[in-house]
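*Asks:* Got these off TrEMBL a minute ago, pasting:
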{"type": "TRANSMEM", "residues": "B:6-24", "note": "transmembrane segment"}
{"type": "TRANSMEM", "residues": "B:36-56", "note": "transmembrane segment"}
{"type": "TRANSMEM", "residues": "B:68-88", "note": "transmembrane segment"}
{"type": "TRANSMEM", "residues": "B:117-135", "note": "transmembrane segment"}
{"type": "TRANSMEM", "residues": "B:163-182", "note": "transmembrane segment"}
{"type": "TRANSMEM", "residues": "B:194-218", "note": "transmembrane segment"}
{"type": "TRANSMEM", "residues": "B:248-266", "note": "transmembrane segment"}
{"type": "TRANSMEM", "residues": "B:286-310", "note": "transmembrane segment"}
{"type": "TRANSMEM", "residues": "B:330-363", "note": "transmembrane segment"}
{"type": "TRANSMEM", "residues": "B:384-406", "note": "transmembrane segment"}
{"type": "TRANSMEM", "residues": "B:412-437", "note": "transmembrane segment"}
{"type": "TRANSMEM", "residues": "B:444-461", "note": "transmembrane segment"}
{"type": "COILED", "residues": "B:634-682", "note": "coiled coil"}
{"type": "DOMAIN", "residues": "B:682-901", "note": "domain 'Histidine kinase'"}
Amino acid sequence: MANRRRSEGFGFFLPIFGAILIMPPIVHLFDRGGTIFGLPTIFAYLFGVWFFLIASSFALARLLPRDEPEPRAGRSERDRDQ
Amino acid sequence: MIATNLIILIALGYVVLLFALAYFSERWAKGSAGKFLRSPLIYTLAISVYCTSWTFYGAVGSAARTGYEIFTIYLGPTLVFVGWWFGLRKLVRVGRTQRITSLADLISSRFGKSSSLAVLVTLIAVIGTTPYIALQLKAITSSLNVMTLGDNVDQPGLNVDDVRLALGVAVAMAIFTILFGTRNVDAKEQHHGVVAAIAFEAIIKLIALLAVGIFVVFGLGDGFSEVFARADAAQINAFEYGGFNSRWVAMTVLSAAAIICLPRQFQITVVENSNENHLRTASWAFPLYLFAISIFTLPIAIVGTAMLPPGSDPDMFVLTLPLSFGQEGLALFAFIGGFSSATSMIIIASIALSIMVSNHIVVPIALRLPGRRDDEESGGVTDLLLTSRRISICVILGLGFLYFWLTNGSGALARIGLISFAGVAQTLPAIIAALFWRDATAKGAGAGLSIGFVVWAYSMFVPSFEESSISVAHWVQNGPYGIEFLKPQALFGLTGLDPLVHSVFWSLFANTIALIVVSLSTSQSVLERIQSALFVDAFRRMPGIETRFMRTSAATNDLFFVAQRVLGAERAGSVFDSFAREQGRSRSNLEPTPEFIALLEKELAGSIGAASAHVMISQVVSGDNISLQEVMKIADETQQVIEYSQQLEQKSEELRLTAEKLQDANAKLRELDQQKDEFLSQVSHEVRTPMTSIRSFSEILLEPDELDAHDRQRFLSTIHTESLRLTQLLDEILDLSALERGEKVWTNVPVDVVSALDRAVSVCESLARQKKMQIKRHNVPAEALVLGHADRLAQVFINLITNAIKYNHADHPFVEVRFSTSGKRLLIEFQDNGPGIAAKDRRRVFEKFARGQRGAISGQTGSGLGLAISSQIIARMKGKIDLVKGADDGACFRVSLPLYEGEV
């Protein structure tokens with residue numbers, strides 16, 4: 001249960017954190033010219049953040065609990081009613 | 001240059017391939033391959049219908065014109081998918097449990113199955129999507145022009161060929177969509193054939209764009225860094241972009257909204273979803289797809305600007321670059337990629353829109369037309385639905401074509417795309433409110449949608465005709481009738497903003513404010529309250545809430561009649577049969593319980609949308625709805641049940657804690673009980689020894705004659721000693737138990753430790769002299785005050801010193817008493833040079849009757865209670881007595897007491 005809570009928290013804050021990273025003012029810090037591995041710093045930064053989000057999301061997809069076999073609409077709900 | 005006919009032939013061949021793919025997938029979907037067709041991979045690829053020709057051609061153009069801005073279009077959706085657990089998952093869950101068929105259906109269903117909301121959303125979707133379809137047509141015609149003419153110069157206006165071509169594409173797409181998108185009216189509106197074709201197209205467009213990108217970066221250029229080095233020459237701000245401003249933020253927000261609100265995205269993500277867990281894979285795989293398709297965008301733009309002659313259309317770099325460098329095969333592949341991206345968008349968008357139009361506009365009107373009920377035959381509504389869908393598709397594509405024709409294909413691709421985005425984004429506040437805000441009302445949603453839509457149309461959609469209409473251009477320049485205050489791109493005098501930011505801000509702001517204010521000032525209808533609970537609490541199971549609001553005596557025949565009209569005789573029969581089986585009756589005797597009616601309504605909703613299904617069912621069971629107050633009561637009861645169950649949860653948590661405490665207490669009690677038993681047996685043992693000796697000696701004494709006076713004397717004195725020991729033992733036991741029970745209470749008063757020690761030493765002096773024991777004292781202060789009881793303190797000291805004397809067998813025995821202070825505590829150590837205390841006994845010395853090894857060896861007597869009593873006494877004075885590691889081998893007891901600091 002504690003793990004579920006934790007990974008849900010991770011899932012909640014990840015997009016918020018990602019949004020902050022690609023929004024001004026943080027993004028201005030990397031928009032000052034220069035290169036990293038031959039790529040413009042800002043290009044490397046944006047794609048780096050992007051890739052970080054993908055990798056975290058990949059990890060998250062494994063951490064978050066699987067849904068129980070989902071209720072089929074209609075019929076099964078009625079069954080539970082009885 | 002490639003011959004026009006050849007290219008058209010290839011495009012046609014590709015479309016035929018799609019037909020074949022869709023056809024066979026539809027057939028395989030029922031067989032073993034169906035599992036693959038319903039896999040998360042296919043789902044993810046289908047979601048990438050998001051990447052239209054705008055991505056394929058327009059992104060490079062946008063990058064050439066404005067640098068990094070285009071990436072917002074992909075970063076927004078990335079954020080939404082990364083946060084799927086809290087947004088998309090709920091949307092998909094609601095979509096599945098409520099049998100949602102479209103975006104309009106979702107909003108209408110949540111707000112009390114309102115027909116007018118459904119119509120409103122449908123209109124917004126159609127008007128917002130039409131420019132987008134036009135955009136795809138434009139992309140196909142321009143790309144074909146480029147391929148055939150090798151055109152480097154942007155052509156002004158349209159020629160007849162373009163119009164004919166666009167019309168041809170529109171017709172071909174209409175045929176495809178009608179064939180595979182309206183084959184049947186499925187209960188879940190899923191189209192496996194179409195989805196398979198879309199997934200295939202997603203692969204083609206990705207590979208095509210990657211191929212062009214690799215050719216450009218590693219064929220024409222020399223790797224990424226070399227390409228980026230040309231950026232300055234191409235006047236593209238790849239290094240210092242400087243455009244991270246309000247427009248950047250607005251576009252990210254718009255694209256995040258678009259991935260949820262665009263009708264085609266909603267269709268694929270929610271309606272076509274066959275398993276909730278597919279979202280888990282899509283949450284990272286779809287952003288990865290976007291990442292891959294964007295990585296070459298900027299390099300292609302840079303190389304294109306740098307190497308192609310000035311004036312080339314940057315929107316077509318993906319084609320013109322390979323063409324200019326003699327790679328006709330690659331250019332052809334890229335053309336097919338672009339064609340794929342355009343057609344997939346057209347197909348899904350027109351399916352999604354046709355479902356909305358037929359379910360929310362055509363069917364409700366048809367149901368209300370007088371005389372409809374007379375010509376009901378088997379499958380009447382099914383036919384109506386299919387026909388209306390087919391016509392809708394034609395109309396929608398016709399509208400797209402019309403927009404393309406009217407705007408003269410003007411405006412860069414990206415601008416048209418953004419107009420669409422901003423239009424459909426108006427549904428976002430309503431969607432969010434639908435899923436998360438229990439008290440949002442239909443009136444609020446309607447107000448928000450209408451106002452947002454009007455503001456969007458006025459500030460963004462109308463100005464898009466600026467280039468083709470002089471009056472619109474005049475309007476935009478000077479405001480309507482010269483009223484500056486209402487200039488479409490500077491509303492209320494808000495100037496200085498980018499037109500996009502301006503429009504997005506005003507429309508979404510007005511939309512949200514209207515939604516909130518109107519929702520707060522109106523109240524929900526009964527049906528709205530029930531639906532809102534179903535949507536907002538989608539993850540909390542509430543069996544039966546929706547099934548209980550109708551009490552009915554509707555005739556089974558009437559219901560069957562309705563079901564037959566919508567679902568067709570076969571499916572209606574199977575629904576009725578399976579329910580009758582559960583009731584254990586035959587179909588004709590089936591009892592139309594409220595559950596059954598709710599189930600039936602849901603089945604119908606899967607075909608014709610919630611609002612229409614509700615209308616149809618209500619026609620049959622009308623008049624039997626239970627009273628409003630009763631329903632309110634049910635809704636309130638449900639709410640109470642939820643709250644009650646939450647309280648129960650809390651209570652049970654409390655109970656668990658209490659039980660734990662009880663268990664602890666019980667364990668402690670058991671331990672105490674055992675200690676008591678041990679204590680008793682030890683006491684008996686201790687008492688028994690002296691009693692035995694007293695008894696045996698007295699028996700001897702009772703024997704006459706056999707003893708001389710000396711022995712008699714000796715025995716008597718032994719009996720006397722033993723009785724003394726016994727008395728002392730009993731005294732000590734009484735003392736200890738009184739101390740433990742807290743009976744012998746004394747008031748702690750300031751006492752002088754030094755004088756207490758003096759008394760103790762003088763008491764022990766005679767015993768010490770007997771054993772030739774030295775009592776040394778160190779660092780004795782003149783006076784040391786603590787809070788305590790003088791006699792008791794002396795008792796403790798006597799006990800410690802006596803112990804040190806009794807157990808010491810050294811040649812020159814001594815005991816040292818050392819005073820010291822540690823902070824505000826006074827420490828008194830009693831160190832002897834005896835044998836010390838064995839390690840295994842160290843922990844037990846303060847327990848009762850624990851005399852230790854040395855006591856046993858030396859044959860010393862003692863109750864074994866002394867240290868236990870001392871420890872109790874010192875504790876009563878808020879102090880502590882410890883066995884510490886002393887300077888020598890012998891035992892060292894340390895008494896530590898808090899110094900008294902007050903006045904005496």
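Using the three backbone atoms N, Cα and C, a Cβ is placed for every residue, glycine included.
Because TrEMBL annotations are produced automatically, they should be read as predictions rather than curated entries.
What's the neighbourhood like for these features in this structure?
*Replies:* Distant neighbours of the transmembrane segment (B:36-56): 25, 28-29, 73, 77, 132, 135-136, 139-140, 143, 192, 195-196, 198-199, 202-203, 205-206, 208-209, 258-259, 262, 264-265, 268-269, 272-275, 277-278, 280-282, 285-286, 289-290, 293, 318, 337-338, 341-342, 344-345, 348, 413-414, 416-417; these residues of the same chain sit at least 6 beyond its ends, with a Cβ under 8 Å from one of its Cβ atoms.
Residues of the same chain lying 6 or more positions beyond the ends of the transmembrane segment (B:68-88) and with a Cβ under 8 Å from any Cβ of it are 50, 55, 58-59, 62, 237, 241, 243, 247-248, 251-260, 269, 279-280, 282-284, 286-287, 290-291, 293-294, 297-298, 414, 417, 435.
Within its own chain, the transmembrane segment (B:163-182) has Cβ neighbours under 8 Å at 12, 15, 18-19, 22-23, 26, 137-138, 140-141, 144, 191, 193-194, 197, 343, 346-347, 350-351, 354, 386, 389-390, 393-394, 397-398, 400-401, 404-405, counting only residues six or more beyond its boundaries.
Sequence-remote contacts of a segment are chain residues at least 6 beyond its ends whose Cβ falls under 8 Å from one of its Cβ atoms, and for the transmembrane segment (B:194-218) they are 18, 21-22, 25, 29, 37, 41-43, 45-46, 48-49, 51, 56, 177, 180-181, 224, 227, 268, 272, 289, 292-293, 295-296, 299-300, 303-304, 318, 321-322, 327, 330, 333-334, 336-338, 340-341, 343-344, 347-348, 351.
Nonlocal intrachain contacts for the transmembrane segment (B:248-266), taken as residues 6+ away from its ends with a CB within less than 8 angstroms of a stretch CB, comprise 47, 49-50, 69, 72-77, 79-81, 87-88, 91, 102-103, 106, 125, 129, 345, 348-349, 352-353, 356, 418, 420-422, 424-428, 431, 498, 500-501, 504-505.
Beyond the transmembrane segment (B:286-310), the same-chain residues lying 6 or more positions past its ends with a Cβ under 8 Å from any Cβ of the stretch are 44-45, 47-48, 50-51, 55, 59-61, 63-64, 67-68, 70-71, 74, 77-78, 81-82, 152, 202, 205-206, 209-210, 212-214, 216-217, 220-221, 224, 227-228, 230-231, 233-236, 238, 317-318, 320-321, 324.
Away from its own ends, the transmembrane segment (B:330-363) comes close to residues 2, 7, 10-11, 14-15, 18, 49, 51-53, 55-57, 101-105, 108, 115, 118-119, 121-122, 125-126, 129, 132-133, 136-137, 139-140, 143-144, 147, 169-170, 173-174, 176-177, 181-182, 189, 191, 194, 197-198, 201-202, 204-209, 211-212, 215, 262-264, 266-268, 271, 318-319, 322-323, 381, 384-385, 388-390, 392-393, 395-397, 400, 608-609, 611-612 of its chain (Cβ-Cβ under 8 Å, at least six residues beyond either end).
Within its own chain, the transmembrane segment (B:412-437) has Cβ neighbours under 8 Å at 52-54, 57-59, 61-62, 65, 70, 73, 87, 90-91, 94, 103, 106-107, 110-111, 121, 124-125, 127-129, 131-132, 134-135, 138-139, 251, 253-255, 257-258, 260-263, 315, 444-445, 448-449, 452-453, 456-457, 460-461, 464, 500, 503-504, 507-508, 511-512, 515, 519, 535-536, 538, counting only residues six or more beyond its boundaries.
Beyond the ends of the transmembrane segment (B:444-461), by six or more residues, the same chain brings 107, 111, 114, 116-117, 120-121, 123-124, 127, 131, 419, 422-423, 426-427, 429-430, 433-434, 488-489, 491, 499-500, 502-503, 506-508, 510-520, 522 to within a C-beta distance below 8 angstroms of the stretch.
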*Asks:* With a Cβ cut-off under 8 Å, give me the same-chain residues at least six positions beyond the ends of the transmembrane segment (B:6-24) that come close to it.
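*Replies:* For the transmembrane segment (B:6-24), the list is 144, 147-148, 172, 176, 179-180, 193-194, 196-197, 200-201, 332, 335-336, 339-340, 343.
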*Asks:* So which residues does the transmembrane segment (B:117-135) touch in its own chain, when a touch means Cβ under 8 Å and the partner is 6 or more beyond its ends?
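*Replies:* Result: 52-54, 58, 103-105, 107-108, 111, 262-264, 345-346, 349-350, 352-353, 356-357, 359-361, 364, 396-397, 399-404, 407, 413, 416-417, 419-420, 423-424, 426-427, 430, 442, 445-446, 449-450, 453, 457, 461, 464, 609, 611.
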*Asks:* Tell me, roughly as an integer, the mean pLDDT over the coiled coil (B:634-682).
*Replies:* 83
